[in-house]
Amino acid sequence: VGTTEPALKLLLTVLAGYPLALIHRKYFYGKDASLQHLFFIASGLSMGFWNYGRDMFHCVFTTFFTYCTLFILKGTNISVAITFIFNLGYLLIGYYYASTDSYDINWTMPQCILTLRLIGVAYDLYDGHQPVETLSKDSKKIALQKRPSLLEMFGHTFFPASFLVGPQFPMKRYQEFVAGQYSDQPNTINAAIKRFRLGVLYLVAYHFLGVLVSDDLFVSDEFGNRNFFMRMILMGVWGRYTLCKYISCWLLTEGACILFGLAHNGKDENGEVKWNGLENIKISIFENTTEFGHYIQSFNVNTNQWVAQYIYKRLKFLGNRLISQSAALIFLAVWHGLHSGYYVCFFFEFIVMYMERDIKSIVRSNDVLSTFFDSPQIQSPLRFILRIYTFVFMGWCLLPFGLLHFDWYWKAFGNASYVGVILFVLYPLVYAPLLRLV
């Protein structure tokens with residue numbers, strides 16, 4: 001089928017979430033909680049073992065270590081610190097010994113998901129031991145007053161529809177789901193089918209776009225010899241090709257989570273149940289981006305929410321939003337791995353968001369510019385230009401993320417044009433002060 005064995009096994013494992021959800025609905029939903037935990041543990045571990053063999057020991061060990069930490073130290077700040085340092089450190093050691101020169105499909109992939117999940121449990125238990133009035137609105141919803149049991153920890157960890165590629169969800173959601181608090185027998189089939197179809201559509205798009213572009217293209221002389229506008233278009237196409245890989249996986253796993261009933265998100269104004277509680281990609285926003293902020297709002301939503309909840313907002317005491325944002329992006333880069341491309345990519349994200357915020361502030365503060373850009377005649381051409389801008393520059397920003405190694409993405413930037421790199425690097429030092437002066 002034109003793919004590697006690890007990638008094919010991972011895809012089949014993601015699809016296995018659907019029959020497992022049907023089995024759970026028929027035989028386990030609403031039954032004894034311990035029985036459900038054991039079903040999730042057995043199915044999740046089996047899928048993990050099929051993909052990664054004995055390397056699943058790493059996931060089992062880190063989960064058990066975290067449980068022991070919370071059992072002994074309970075919801076204290078020390079338990080949070082130990083859980084944070086241990087799990088992130090374990091992941092980084094895993095990256096050091098297991099990573100290769102390309103994007104790896106090995107045990108560090110589920111360990112990456114698990115690291116956030118376990119740290120989140122420690123934070124939620126800590127919040128559950130704090131005065132309620134000191135917690136944020138979001139923290140109040142997911143705080144844990146009682147330490148999860150060993151079965152709950154492992155069931156949450158190895159939940160079969162999210163264990164290998166996400167999405168993230170808090171322990172509180174898992175406990176409510178197992179307790180049957182969302183509905184007696186969830187009618188989720190139609191909602192699950194919709195996300196499944198979208199997932200298949202993006203998977204097909206990924207394979208078709210792969211005919212036009214590839215990672216190797218940008219380091220080839222063929223790409224460097226093309227005219228400037230064709231290089232920019234191909235860069236945008238490659239960016240969408242790269243993102244389709246993640247989007248297809250997220251949509252397929254979300255569909256399985258919906259079928260289980262885990263994605264329950266209350267009811268809308270018409271009294272209909274919403275099944276978007278684990279939505280990791282907001283398609284309508286993603287496909288209509290006119291600024292990079294839209295990508296952040298729509299792409300990898302659950303991970304972004306996790307970072308906002310447990311990193312960004314926890315640094316509020318610093319009193320500086322820029323520092324908090326920088327720390328959140330540095331954490332994301334470290335969490336992804338040790339390759340320099342991750343750090344350059346998130347640096348680019350920081351600069352782009354910084355630039356867009358400056359430009360919007362300047363436009364809002366200038367009556368002439370505000371009137372000009374708000375005029376109906378300018379809206380359509382402006383929207384077209386902004387769509388092209390986000391399409392091309394997303395590919396540009398993703399080059400280090402996709403190529404990983406400095407030699408590769410630096411050559412790719414050289415083939416495209418070093419002008420963009422110069423713009424990114426010099427913007428905070430030169431262009432931003434000039435914009436403010438004007």
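Using the three backbone atoms N, Cα and C, a Cβ is placed for every residue, glycine included.
Annotations in TrEMBL come from automatic prediction, not curation.
Noted in TrEMBL for the protein shown:
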TRANSMEM  6-23  transmembrane segment
TRANSMEM  35-50  transmembrane segment
TRANSMEM  56-73  transmembrane segment
TRANSMEM  80-98  transmembrane segment
TRANSMEM  200-220  transmembrane segment
TRANSMEM  327-354  transmembrane segment
TRANSMEM  384-404  transmembrane segment
TRANSMEM  416-435  transmembrane segment
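Counting same-chain residues at least six beyond the ends of the transmembrane segment (200-220), those with a Cβ under 8 angstroms from any Cβ of the stretch are 2, 234-235, 237-238, 240-241, 244-245, 247-248, 251-252, 399, 402-403, 408, 411-412, 415-416. With a cut-off of 8 Å between Cβ atoms, the residues of this chain six or more beyond the transmembrane segment (327-354) that come close are 88, 91-92, 95-96, 99, 108, 112, 115-116, 292-293, 296, 303, 307-308, 311-312, 315, 393, 396-406, 409, 424, 427-428, 432.
Away from its own ends, the transmembrane segment (80-98) comes close to residues 58, 62, 65-66, 69-70, 73, 104, 106-108, 111-112, 114-115, 118-119, 121-123, 126, 334-335, 337-338 of its chain (Cβ-Cβ under 8 Å, at least six residues beyond either end).
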